[in-house]
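J.: Below is one structure. I have some questions about it.
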């Protein structure tokens, strides 16, 4: 029988509640599928049970202490093996979530997870953000991305997906302030503003800084540009 994770106290300590039995069962099944399929798809270098639950599952949820996502239409950009999108769907089943990634193997994996966990109102798409954003312009209430790209790059890739007054949530590491400094005021060009910054101390899985933006106006037609051009002009040093 598969070993079941039992250190649910880390969720209570960091989120203020213990997951329901249904959520626990789905997370345990998700972990089992992740480890099994990782042998084929090379999804994550982190496979130890304790580490996956803390560094992937819990980390995917910490931002929810700062904003509500209930009943929101969400896009997870560069979702990889489903962080944070699958985790959010398990905890907040009433959300409507689209997962996108340019790696088709990861999309295949996500479809396995969605089917086995019987998740509803969630879709995995093999797509590039800069191309899909032109098609799905101003469609989402929330766009979210976890450790995908340098700040000015992900801002440009994500902003067109959002409705006006929609939220962009970026789950970052300890260098977020440096990325803001080097972003060349791209947020002003994109008509989006930083409204909140959540700083999380290192409690065993690294210092985290989560950034919250709000879209003020429609995205100028220029953006997003081709990916190569975005990266070439990035403020990353």
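Here the Cβ of each residue, glycine as well, is placed from N, Cα and C on the backbone.
Heads up, here are the entries from Swiss-Prot:
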BINDING   78, 83, 129, 130, 146  S-adenosyl-L-methionine binding site
J.: DSSP three-state call for residue 146 (S-adenosyl-L-methionine binding site): helix, strand or coil?
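T.: Assignment for residue 146 (S-adenosyl-L-methionine binding site) reads strand.
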J.: Hey, does DSSP put residue 83 (S-adenosyl-L-methionine binding site) in a helix, a strand, or just coil?
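T.: Residue 83 (S-adenosyl-L-methionine binding site) sits in coil per DSSP, no helix or strand.
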J.: Which residues in the same chain, at least 6 apart in sequence, have a Cβ under 8 Å from the Cβ of residue 146 (S-adenosyl-L-methionine binding site)?
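T.: When sequence neighbours closer than 6 are ignored, residue 146 (S-adenosyl-L-methionine binding site) has 59, 60, 76, 78, 80, 83, 84, 170, 171 within Cβ distance under 8 Å.
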J.: Determine the C-alpha span of the S-adenosyl-L-methionine site listed in the record, that is the greatest distance between any two of 78, 83, 129, 130, 146, in Å to the nearest whole number.
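T.: With 78, 83, 129, 130, 146 as the binding residues for S-adenosyl-L-methionine, the largest Cα distance is 20 Å.
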J.: List the same-chain residues at least 6 positions away in sequence whose Cβ sits under 8 Å from the Cβ of residue 129 (S-adenosyl-L-methionine binding site), in sequence order, or say none.
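T.: Listed in sequence order: 77, 78, 100, 102, 157, 158, 161, 224.
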